[in-house]
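Inspection log for the structure reproduced underneath, given as C-alpha cells.
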Amino acid sequence: MAAATAPKTMPSSVFAAALLLLAAAACQASPYYPLELGYYRYTCPQAEAIVKASMEKAIAQNPGNGAAVIRMLFHDCFVEGCDASVLLDPTPFSPTPEKLAAPNNPSLRGFELIDAIKDALEAACPGVVSCADIIAFAARDASCFLSQGKVSFDMPSGRLDGTFSNASESVKFLVPPTSNLSDLASSFAVKGMSLEDLVVLSGAHTVGRSHCSSFVSDRLDVPSDINPALAAFLRTRCPPNTTTSDDPTVMQDVVTPNAMDIQYYKNVLSHTVLFTSDAALLTSPETAKLVLDNAKIPGWWEDKFEKAMVKMASLEVKTGHQGQVRKNCRAINHY
C-alpha cells in the first residue's frame, strides 16, 4: 500500500483572498438583512401578486388610496419601526394607540384597504403574511402605479408585527407640517436617515390631499413665502378658522395631483407648496441644491426615491421573537 501523502496547504495569501471573496459574497447575498427579497416565495408565493392586484384596483377607483398607503408607511416606520403598530385599534388596555395621535387622526387613511388586502392574504395563506409587510408592499406598488412605472423597485420583506402602540410616540417622532428645516433634519437623523433622504421622501407630497388645518395658520394667516395666486385660491377653499367639523381637504399638488413625479420640486421652487416643511427645503444651500437637482435631472428623483423607500421600510424592523404575524391587523394575537 502506498503511503498517504500529506495534504497540500493553501498559501496564506490565497486563503486570505478566499475569505474576502466569501465575505463579499455573503454581503451581496443579503444586502437587506435582516429582511430579504422573496421572503414568502415558499410559504405564500402569491403574496406580493395579491397585494399588487389589490392596489391596482384601489388606485383605479381612487388615486388617493395610493397616496394614503405611501404616507402610512412613513407614519408606521418612523414610530416604533416598520411593525404595523399604526394599524392597532384602541382597547381597554391600550386606549390611545398611534392612529389616534394628532399626526394621524383624522388625516391618515387606508386602514380599510389594508384590512381588505389582509383578508385576501389570509384566505390564500392563513397566518403567514405580516401586516407590516403588507404596508411595505402596498406602498411600493402604489409608487409604481402612480408614477406609471417610473418608480419601480423590489421591496424586501420578513417584518413582524409589533404588539405596542401609543399615541405619544407618534407625537414624539412625527414632526408637524409647520416644522422648520432644523426640526425636520433632526427627526430624520434620529432614525439614521440623511438630509438627502428627507428631501427625496418629501417628494411623496406630489400626490394626496391635505386638510386645511395643516397649513392655514402658518401659511395663510401670517406673512409667508407662498405664491399669492395659490394663497388666494386656497382661501376660497379653506375657512379662516378650521374646526373638526369644518376642515376641508385640498390637493397637495394642483398641477399633476395624481401623478408621482418631479412636479413637487418645481412647486417648491415656485413657492406653490402647502406646508412650511416643504418651503423649508429652500432655506439651506444643501437642500436647495437637492431640490433643484430633483427638479431638473431626468430620472434622478425616481432612482433616489426607490432607494430611500427601501431604507425607510427597513427601519427598526422586528424579526424572530420580537413580534408576531397578526391574524387581524387591528389587534394583537392572544395565544
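For all residues, glycine too, the Cβ spot is worked out from N, Cα and C.
Swiss-Prot lists 1-29 with the feature signal peptide, giving sequence analysis as the kind of evidence.
Residues or ranges marked as disulfide bond by Swiss-Prot: Cys44-Cys125 (among others). On its own chain, Cys44 (disulfide bond) has Leu121, Ala124, Cys125, Val128, Val129 as residues at least 6 apart in sequence with a Cβ closer than 8 Å to its own Cβ.
Taken from Swiss-Prot, the feature site 'Transition state stabilizer' covers Arg71. Counting every protein chain shown, 21 other Cβ atoms lie within 10 Å of the Cβ of Arg71 (site 'Transition state stabilizer'). DSSP assigns Arg71 (site 'Transition state stabilizer') to a helix.
Spatially close to His75 (active site, proton acceptor) yet at least six residues away along the chain are Val86, Glu98, Pro103, Asn104, Leu108, Ser170, Leu174, judged by Cβ distances under 8 angstroms. Per Swiss-Prot, active site, proton acceptor is recorded for His75, and the stated evidence type is sequence analysis.
Here the Cβ of Val79 (Ca(2+) 1 binding site) has 29 other Cβ atoms within 10 Å, regardless of which shown protein chain they belong to. What Swiss-Prot records for Asp76, Val79, Gly81, Asp83, Ser85 is Ca(2+) 1 binding site, and it gives sequence analysis as the kind of evidence.
The disulfide bond annotation in Swiss-Prot covers Cys77-Cys82 (among others) and rests on sequence analysis. Long-range neighbours of Cys82 (disulfide bond) (same chain, six or more residues apart, CB within less than 8 Å of its CB): Leu73, Asp76, Ala132, Ile135, Ala136, Arg159, Met312, Ala313, Ser314, Leu315, Glu316, Val317.
DSSP classifies Cys131 (disulfide bond) as helix under the three-state reduction. Other C-beta atoms found within 10 angstroms of the C-beta of Cys131 (disulfide bond) number 30, with every protein chain shown included. The disulfide bond feature in Swiss-Prot is assigned to Cys131-Cys329 (among others).
According to Swiss-Prot, the N-linked glycosylation site annotation covers Asn166 (among others), on the basis of sequence analysis. In the three-state DSSP reading, Asn166 (N-linked glycosylation site) counts as coil.
Sequence-distant contacts (6 or more apart, same chain, Cβ under 8 Å) of Asn180 (N-linked glycosylation site) comprise Thr276, Ser277, Ala280, Thr283. Per Swiss-Prot, the feature N-linked glycosylation site maps to Asn180 (among others).
Taking Cβ-Cβ distances under 8 Å and a sequence gap of 6 or more within the same chain, the neighbours of Thr206 (Ca(2+) 2 binding site) are Gln252, Asp253, Thr256, Ala259, Met260, Asp261, Ile262, Gln263, Tyr264. Here Swiss-Prot flags Thr206, Asp253, Thr256, Asp261 as Ca(2+) 2 binding site, drawing on sequence analysis.
Residues annotated as disulfide bond in Swiss-Prot, with sequence analysis given as evidence: Cys212-Cys238 (among others). Counting every protein chain shown, 23 other Cβ atoms lie within 10 Å of the Cβ of Cys212 (disulfide bond).
Around Asn241 (N-linked glycosylation site), taking its Cβ as the centre, 11 other Cβ atoms fall within 10 Å, counting all chains. According to its DSSP assignment, Asn241 (N-linked glycosylation site) is coil. The feature N-linked glycosylation site is assigned by Swiss-Prot to Asn241 (among others), with sequence analysis given as support.
Excluding the listed site residues Thr206, Asp253, Thr256, Asp261, the same chain places Val207, Val255, Pro257, Asn258, Ala259, Met260, Ile262, Gln263, Tyr264, Asn267 with Cβ atoms within 8 Å of the centre of the Ca(2+) 2 site Cβ atoms. For the Ca(2+) 1 site, the Cβ centre of Asp76, Val79, Gly81, Asp83, Ser85 serves as reference, and the other residues of the chain with Cβ at most 8 Å from it are Cys77, Phe78, Glu80, Cys82, Ala84, Val86, Glu98, Ala132, Gly162, Ser165, Glu316.
Taking each Cβ in turn and tallying the other Cβ atoms within 10 Å, the top scorer among the recorded positions Ser85, Asn166, Thr256 is Ser85. The recorded positions recorded for this entry are Arg71, Gly81, Cys131, and the Cα of Arg71 lies nearest to that of Cys212 (disulfide bond). By the criterion of other Cβ atoms within 10 Å of the residue's own Cβ, the least surrounded of the disulfide-bonded residues Cys77, Cys125, Cys238, Cys329 is Cys125.
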